[in-house]
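As recorded in TrEMBL, the features of this protein are as follows:
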- 1-24: signal peptide (SIGNAL)
- 25-166: domain 'Chitin-binding type-4' (DOMAIN)
- 147-244: region 'Disordered' (REGION)
- 155-168: compositional bias 'Low complexity' (COMPBIAS)
- 186-227: compositional bias 'Low complexity' (COMPBIAS)
């Protein structure tokens, strides 16, 4: 069996479209996420003025509202592409994962709103204008409830499927982590103001929260090797995959 390699791409906890005012602000830490590049800033119009932290953490629905007619985006730029507007670029780092082997998944949540997290393999699809959208190929992990016990750093492990195909080169595939807020969570959180992180050039990572008490609900995690189409209701990604 040949190893499956993932090249870094921006994988950030994304927002559910139905609750844009109360979605979790967060980011995948492991596997490596894609950084905000010079190309992203050149192509993203008014978003080029935002800080890296805001671009990585803030709900994409909030970011999309910052478009300006006098500061247009490039024709190929697509903030809602499933990877927060980032695309594979030559020179991205590549991490190798063995099919059938476990690997770590870690994240940080700054503004928790309980819901369901899914980790999926996605593939880019390019339209006639050169605009790229990432489409779900296979969901490999579901965590429910997610962000149930507050923010901070957390993680789990999952297994790289053995039947992945079409990920032969860096950029062919990516890991996308999505979070959809639960109805219960949105009702509980709507009274609290939701604000984007203040743009800054450099930002210290928030400290992890205290471990939950034994009475806390234990999240259920499940892995799946089933292909799940059209399951990209939020927009974040972490790494590209290729087979050697």
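Including glycine, each Cβ sits where the backbone N, Cα and C put it.
No curator has checked TrEMBL annotations; they are predicted automatically.
Note that this is a predicted model, so its numbers are computed, not measured.
Averaged across the domain 'Chitin-binding type-4' (25-166), the predicted model reaches a pLDDT of 88. For the compositional bias 'Low complexity' (155-168), residue counts in helix, strand and coil come to 0 helix, 5 strand, 9 coil, using DSSP.
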